[in-house]
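Record features (TrEMBL):
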| type | residues | note |
| --- | --- | --- |
| BINDING | Ile11, Gly12, Gly13, Gly14, Glu15, Met16 | NADP(+) binding site |
| BINDING | Asn58 | NADPH binding site |
| DOMAIN | 8-100 | domain 'Pyrroline-5-carboxylate reductase catalytic N-terminal' |
| DOMAIN | 164-267 | domain 'Pyrroline-5-carboxylate reductase dimerisation' |
Amino acid sequence: MDLQSKNIGFIGGGEMAYAIAVGMKAGGIKPSQISVSNPSAGKFKRFQTEGMNTTHNNMEIMDTCEIVLICIKPQIFPVLVEELKSHPKRCENQLIISIVGGLVSETLEKVFDWARVIRTVPNTPCKVQEGILLYCKSKTSTDEDMATVKSLFSACAECLVLPERLMDAGQAISGCGVAYIYTALDALADGGVKMGLPRATALTLAAKTCAGAGNMYLQTQQHPGVLKDAVTSPGGITICALHALDKGGFRAALIDAVEVATNKSLEIGAKK
């Protein structure tokens, strides 16, 4: 699909929509190709600053855009469904890309029965071209559609195809996991402040350490346990700190968080 000739619309103008739109712009999509609908004008300024089009009318997006990203919260989705029922006009040959948490392909296929649909899970680091996108093929999507999604997101995210049965678990790590990492960053910085470091210094140390550790794994492909052992000397400082983390249930809490998030995503999907 020639993306330079397509109109790309966003229904929903929240943080994720903005992160994706900015990432697409960085990847070569012209701002004039991008339109965003949102009920609140307060969300518009940052899109307009990027040179993108804005509207309060969701159906204007549906009428004029060949590619539409549904970027709303799960609890808002039924409102959009009702709006679609009273608006029969459609853009022809339309591809619907959903980032609605927990919303399964089967539901998307029923609601957008005139279009081809793809379920995706992006994360907010797309805004700084460091995101990850999970996506899966539906019954209505084609190989070309899958390639289109990859082309749209590749400038701002690493794109990974998963079977749909694993999308909820994937979201629990890459989608929700951003918040886990921010929580860890905040806690590490608080620890540094408690020990006398200026907060800005503590935050920089924590952020660079998290980013560096992640890149170390990605570049070496060594098991995290091996990398951990490489900085853990017998009777040393790090092993004492790791003992404190284990006593506090650090590992178990992260495992539980992934399980709870997965089950919540499955629950949302079952309700739609």
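Note that Cβ sites are derived from N, Cα and C of the backbone, with glycine treated the same way.
Everything TrEMBL records as a feature, shown here on the structure.
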residue	record	DSSP (3 states)
Ile11	NADP(+) binding site	strand
Met16	NADP(+) binding site	helix
Asn58	NADPH binding site	helix
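The binding-site residues considered are Gly12, Gly13, Gly14; of these, Gly14 has the fewest other C-beta atoms within 10 angstroms of its C-beta. Taking the mean position of the Cβ atoms of Ile11, Gly12, Gly13, Gly14, Glu15, Met16 as the NADP(+) site, the remaining residues of that chain whose Cβ falls within 8 Å of it are Phe10, Ala17, Tyr18, Val36, Asn38, Lys43, Cys71, Ile72. If you draw a 10 Å sphere around the CB of the residue listed as 'NADPH binding site', it holds 22 other CB atoms from the protein chains shown.
The Cβ of Met16 (NADP(+) binding site) lies under 8 Å from the Cβ of Cys71, Ile99, Pro122, Thr124, Cys126, each of which sits 6+ residues away along the same chain. In sequence order, Ser37, Asn58, Ile61, Met62, Val68, Leu69, Ile70, Cys71, Ile72, Leu80 are the residues of the chain that are 6 or more apart from Ile11 (NADP(+) binding site) and have a CB within less than 8 Å of its CB. Over the domain 'Pyrroline-5-carboxylate reductase catalytic N-terminal' (8-100) the predicted model carries a mean pLDDT of 92.
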